[in-house]
């Protein structure tokens with residue numbers, strides 16, 4: 001939006017769909033150009049422009065005609081006129097387009113059952129088609145019977161063609177002009193195109209008139225069928241076309257001439273695409289060249305005619321290529337004598353009616369259109385394939401989503417009309433395009449306003465739109481004064497030679513500051529001496545991300561200070577566990593503790609390597625005040641009066657964790673080896689409070705009697721155990737001695753015997 005350099009609100013909204021214009025009178029800073037009023041919406045709001053002062057018109061759509069598609073069955077008693085049948089919805093709408101903002105609408109198409117059909121049979125009557133003519137003579141009534149299965153309102157017509165009536169396409173000798181055939185063949189004079197029978201619902205009349213036709217002849221193989229197709233397409237009144245399904249059956253066994261071939265006969269004027277039938281005969285074949293394929297495509301499309309090429313096997317490849325160039329056309333293989341022509345027409349019609357292809361009229365400059373199709377069985381497509389749906393049966397309903405986008409405004413801003421229609425159908429959607437090229441506030445402008453330097457411009461949308469020959473933010477200068485050296489003097493700061501601080505241009509004695517490539521970076525000030533990107537940085541961010549850079553100085557957000565707004569005034573990071581800022585041992589600077597007591601360190605001045613804990617620190621004072629003993633007993637009144645003390649009966653009555661003031665629970669030994677319990681806390685006013693259990697827990701003395709009894713019992717037990725052991729050893733010794741005695745006694749007996 002900024003790069004668009006918009007001088008007015010209208011130019012701004014044409015720069016893009018997200019661009020808005022701030023019409024607030026005092027929105028611009030000194031030195032900012034008028035184009036700074038144009039920016040994306042978020043940027044304008046961040047710069048202080050209220051939403052009600054932002055011009056941001058949006059596009060819209062309005063449906064004017066929206067008749068429902070017709071639902072009726074073949075054979076229904078209700079007989080509707082063709083114009084009363086609706087196959088496409090909506091029929092008319094208005095789109096208000098803003099540049100770059102697409103407008104979307106849905107289009108519904110339903111192929112009505114029992115829809116009227118007009119069929120015109122255009123036949124090559126050159127000599128090679130002689131046997132085919134005999135079969136076509138009874139085509140009228142036979143085709144009527146078949147088509148009754150599809151529609152109750154069917155009309156048929158007949159035309160024939162041969163070739164241009166000049167050399168070298170035909171022989172121009174008098175005899176050959178009367179009868180171009182050889183031998184005894186009775187042929188009619190050659191002609192270019194003849195409308196034999198205009199469209200009629202009388203099949204018998206078709207048979208009667210076609211039965212009177214005679215074959216003709218020509219010299220070359222390609223025929224002049226394109227001349228005939230052109231006349232059938234553009235001569236709607238003579239042919240009798242209605243606003244219904246229009247089918248043209250083109251029957252031949254030869255190729256075709258096209259634009260440029262007329263030079264062979266000295267015909268150089270391009271085909272004019274107009275009707276030249278007199279007495280149902282084409283009278284200008286000798287004057288205008290054959291039409292081009294593109295010209296035929298245009299006229300067939302304009303007149304909603306679907307073409308069926310009924311050609312012999314020999315020329316299938318040629319006409320299939322032609323079919324690819326002509327939308328909504330089909331090719332069928334004609335038997336050598338046209339005996340299969342009815343089935344060919346039925347098959348081709350079913351093929352054509354099973355596909356719907358949307359086309360639009362020529363789009364105005366700068367307008368684009370895109371399609372998305374929603375076809376049967378969940379088949380969706382976009383881009384070129386989004387224009388069509390295939391395999392549609394009669395009575396099926398399909399939808400299309402259509403986006404229309406304006407990429408620029410018309411020079412005069414006038415409305416345009418485009419039309420969208422299914423190929424081969426007369427119904428269409430008419431779309432009126434209205435372009436949003438100006439803002440609402442521009443209509444409220446004040447011409448020759450005194451706010452624009454004595455009426456030299458129109459004051460609109462908060463800014464001056466200067467009259468021709470005037471420039472400047474307030475139209476205060478004429479174009480003749482722009483380069484005056486006297487004017488430049490007003491653009492220099494005192495004691496400076498730089499014009500607009502080298503950051504802008506001097507226009508009408510006023511600095512208009514340059515724009516930076518980064519649209520968020522802005523020069524401002526009377527001499528463009530200020531900017532919003534050259535302030536001190538912290539952590540790689542301007543003003544540390546905690547302030548706004550104004551004229552190269554940071555304006556910090558609340559709770560931040562410093563040249564780069566990198567100093568936080570928030571004391572939460574300095575809060576110690578006891579609830580004091582920096583533990584009462586330092587000051588909080590920029591969110592960090594500066595410890596004033598050198599013994600303490602850490603983020604909250606709570607770490608002290610050489611300090612006793614809270615309990616040990618206050619142990620002696622609590623002991624002397626609560627129990628009148630301890631090391632500080634003599635100096636208690638001088639050293640230990642810095643806290644309030646409260647006695648409690650038991651440990652359960654001590655303050656518990658969860659109270660507002662930080663709390664320490666302590667258990668210490670006194671001089672008598674008794675345990676005493678107390679708590680230490682500091683309230684928000686800095687007052688220390690001690691709660692102490694009034695009775696210490698002292699260990700009791702030993703019980704002598706159990707000890708003596710135990711000792712005596714132990715001695716007795718040990719003595720008895722020793723006696724038992726001695727007795728056991730003696731028994732063992734005596735038994736060993738007795739055994740030894742018995743052995744010696746036995747030995748003595750043996751000696752006596754010997």
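Don't overthink the numbers, they just go from 1 along the chain as shown.
Yeah, the Cβs are placed from backbone N, Cα and C, and that goes for glycine too.
Matching 704-726, 727-749 against TrEMBL, the residues noted as transmembrane segment span 704-726. Sorting the disulfide-bonded residues 582, 624 by the number of other Cβ atoms within 10 Å puts 582 first.
The disulfide-bonded residues listed here (528, 530, 590) include 590 as those with a Cα within 10 A of the Cα of residue 567 (disulfide bond). Counting every protein chain shown, the Cβ of residue 275 (disulfide bond) has 18 other Cβ atoms within 10 Å. Broken down by DSSP into helix, strand and coil, the domain 'PSI' (1-50) contains 18 helix, 7 strand, 25 coil. When the Cα atoms are compared, residue 551 (disulfide bond) and residue 513 (disulfide bond) turn out to be 13 Å apart. Across the range of the domain 'Integrin beta subunit tail' (615-703), the DSSP-based residue counts are 20 helix, 28 strand, 41 coil. Sorting the disulfide-bonded residues 475, 551 by the number of other Cβ atoms within 10 Å puts 475 first. In terms of Cα spacing, the disulfide-bonded residues 466, 574, 624 that come within 10 Å of residue 582 (disulfide bond) are 574. If you compare Cα positions, residue 574 (disulfide bond) sits closest to 666 out of the disulfide-bonded residues 452, 513, 624, 666. Remark: residue 409 (disulfide bond) has 14, 99, 366, 435, 437 as non-local neighbours, by Cβ distance under 8 Å and separation of at least 6 in sequence.
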